[in-house]
Every structure is written in C-alpha cells, then in structure tokens.
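Trainee: Pasting in a structure now, in structure tokens, and then I'll have a few things to ask.
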Amino acid sequence: MNDLTHFNKRSPIFIIILGSLTAIGALSIDMFLPGLPDIRHDFQTTTSNAQLTLSMFMIGLAFGNLFAGPISDSTGRRKPLIIAMIIFTLASLGIVFVHNIWLMVALRFLQGVTGGAAAVISRAIASDMYSGNELTKFMALLMLVNGIAPVVAPTIGGIILNYSVWRMVFVILTIFGFVMVIGSLLKVPESLTVTNRESSSGLKTMFKNFKILLKTPRFVLPMLIQGMTFVILFTYISASPFIIQKIYGMTAIQFSWMFAGIGITLIISSQLTGYLVDFIDSQKLMRGMTMIQIIGVILVTIVLLNHWNFWF
C-alpha cells in the first residue's frame with residue numbers, strides 16, 4: 001500500500017493502528033507488571049532477576065527510540081515498521097513458551113527494541129502526513145490512546161492473572177502484535193517518498209547532533225531532570241508488584257486497580273501542567289514540581305525502611 005493520492009488519512013482504523021503503536025511500551029510494561037511475583041516464583045529466581053525482565057525491556061525501548069528514526073528516514077517508514085512488528089510478535093510468542101529466565105530477559109530486550117522502533121516510526125508517519133495545526137490535533141488523538149493505555153493495561157493484566165497465568169499476558173501481546181502487522185500491511189501507507197529520504201549517513205549525523213546537544217547546558221539540565229524522573233518512576237514500577245503484593249498482601253487484580261489509579265493521576269497531572277504553564281513561569285513550575293517529587297521520594301523511602309529485610 002504505497003499510494004497516498006487516494007488514502008484517507010482520517011480513517012478511524014488508521015488512527016487506531018498508529019495510536020496503538022505509540023502505546024506499545026505502556027501495554028508491554030503495565031499489562032505484565034502484576035505478574036512479576038509469579039514470574040519470580042515460576043522461574044525459582046530472585047526478585048532482582050525477575051525485575052530484569054522489565055529493565056531490559058526499557059533498555060531495548062531506548063535503543064529502538066534511538067535508532068529507528070534515522071533508519072526509517074533513509075529506508076522509508078512502512079518496511080521497518082512491519083519488520084519491527086513481526087519481530088515483536090515472534091518475541092512475544094517466544095516468551096509464552098520460555099522456561100529460562102535469561103532467555104526471557106533476552107526476548108524482553110528484543111521486544112523493547114522493536115516496540116520502541118514501532119512507536120517512533122508511527123509518530124514519524126504522522127509527521128509525514130500532517131503539518132501545522134492538523135499535526136497537533138492528530139498527535140493529540142494519538143496521545144489520547146497513549147494516555148488510556150497505562151490505565152487499561154494493568155487492569156487487563158490483573159484480570160488475566162485472576163483467571164489464568166502470567167504467560168497469557170504474552171499471548172495477548174502476541175495477538176496484539178499480529179493484528180498490528182496485518183493492520184500495517186493493509187492500512188498503513190508508505191508516507192515518506194523516495195525524494196524526501198535521507199542518505200545512509202543518517203546515523204552519523206545523529207551522533208554528531210547528539211554531541212552538540214550534550215555540550216548545550218539548556219538541553220543537558222532538563223534532560224537530567226527528566227532522566228531522574230524516569231529513574232524514580234521505573235524504580236517504583238519494577239519494585240511495586242513485589243512490595244504491594246508480598247508485603248501488603250494485595251492480589252494481582254487489586255494491584256492492577258491501584259496502578260490504574262496512578263495512571264489516571266498521571267493523565268490529570270499532565271493536563272494540569274499544560275493549564276498552569278499559562279499562569280506560572282515554566283522554570284518556577286519545574287522547580288516546584290521537582291521539590292514535590294523529592295518530598296514524595298523521601299516519604300516512600302521512610303515507609304520502605306521498615307521492610308528492608310524483604311530485599312535480602
């Protein structure tokens with residue numbers, strides 16, 4: 001499907017496919033989180049090893065985000081998107097049958113790389129097909145799907161674990177990947193024409209630009225703040241299934257409801273920030289929110305010190 005002349009870029013199916021692809025990270029993380037304690041038990045491994053199935057997915061996601069853009073700039077969008085989703089689907093299927101924790105960690109990394117690539121390429125397709133206010137409105141639609149995923153995914157995971165085993169989560173992800181492959185083949189056109197593609201030196205240019213950015217204080221400081229925010233967030237994400245279910249005795253489905261509630265607060269806070277920035281200087285707002293975050297971390301640390309023996 002390569003002809004954009006008669007393509008309906010407002011097609012609901014097209015929007016749903018791209019929106020689902022942007023949410024692939026949230027789906028792959030949040031849906032399996034309630035099952036982390038069961039994964040540790042099934043593989044007879046440590047909490048740290050079980051958490052690696054999350055950490056390596058995140059590292060893979062970062063690699064996919066890093067390299068997929070320049071690759072698709074030189075080869076086109078559609079082909080790398082389809083290849084990424086095929087590999088994602090096969091990795092998900094492999095996890096269903098895996099019986100070794102280290103093989104699962106490797107497959108999760110592969111899931112992350114290909115899932116990150118698919119998410120980046122889907123946003124690039126949107127940028128190719130829209131511009132100006134149209135692009136803003138379309139990206140808002142994609143972000144709506146992306147915002148819903150952290151709320152819905154843990155609930156789905158909790159329900160699955162209430163009636164089945166953690167492997168069923170990856171059966172669902174396999175089906176999701178297969179549907180995205182078929183959808184991409186049938187409903188996603190090649191949005192980057194040959195004349196607009198960059199040379200194969202895209203990766204070299206990318207690293208050159210990174211070097212320049214890392215020497216720019218205006219970029220480095222916000223990057224460090226955002227980076228530490230994600231460290232805090234994903235430290236919580238990786239530890240919370242064990243803490244909430246093993247220490248506080250919640251079931252998988254109760255944990256999923258709690259996590260969905262946190263997802264709702266993330267959506268509210270992001271919308272609130274967009275509103276407050278019209279009345280409060282962005283630098284002051286960032287400092288204030290960072291201080292609130294630090295206070296939250298200190299309070300959580302104090303609570304967890306009472307359960308220190310859990311980690312040994």
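Each residue, glycine too, has its Cβ placed from N, Cα and C.
Below are the features listed in TrEMBL for this protein:
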type	residues	note
TRANSMEM	12-32	transmembrane segment
DOMAIN	14-312	domain 'Major facilitator superfamily (MFS) profile'
TRANSMEM	52-69	transmembrane segment
TRANSMEM	81-103	transmembrane segment
TRANSMEM	138-160	transmembrane segment
TRANSMEM	166-186	transmembrane segment
TRANSMEM	219-244	transmembrane segment
TRANSMEM	256-277	transmembrane segment
TRANSMEM	289-308	transmembrane segment
Trainee: Residue list, the transmembrane segment (52-69) vs rest of chain: Cβ under 8 Å, 6 or more residues beyond ends.
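Mentor: Same-chain contacts beyond the flanks: 25, 28-29, 32-33, 36, 39, 80, 84, 101, 104-106, 108-121, 124, 203, 206, 234, 237-238.
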Trainee: Let me check one thing: do the transmembrane segment (12-32) and the transmembrane segment (289-308) come into contact, meaning three or more Cβ pairs under 8 Å with sequence separation of at least 6?
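Mentor: No, the stretches stay apart by this measure.
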Trainee: Does the transmembrane segment (219-244) reach the transmembrane segment (289-308) with at least 3 CB pairs under 8 A, where each pair is 6 or more residues apart?
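Mentor: The transmembrane segment (289-308) and the transmembrane segment (219-244): touching, yes.
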Trainee: Among the recorded stretches 81-103, 138-160, 166-186, 289-308, which has the greatest number of Cβ pairs closer than 8 Å to the transmembrane segment (256-277)?
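Mentor: Between the stretches 81-103, 138-160, 166-186, 289-308, 138-160 has the largest tally.
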Trainee: Can you name the far-off residues of the same chain, 6+ from the ends of the transmembrane segment (166-186), with a Cβ under 8 Å from a Cβ of it?
Mentor: 1, 13, 17, 20-21, 24, 27-28, 31-32, 35, 38-39, 42, 78, 81-82, 85-86, 88-89, 92-93, 95-96, 111, 118, 156-157, 160
Trainee: Could you give the mean pLDDT over the domain 'Major facilitator superfamily (MFS) profile' (14-312), rounded to a whole number?
Mentor: 84
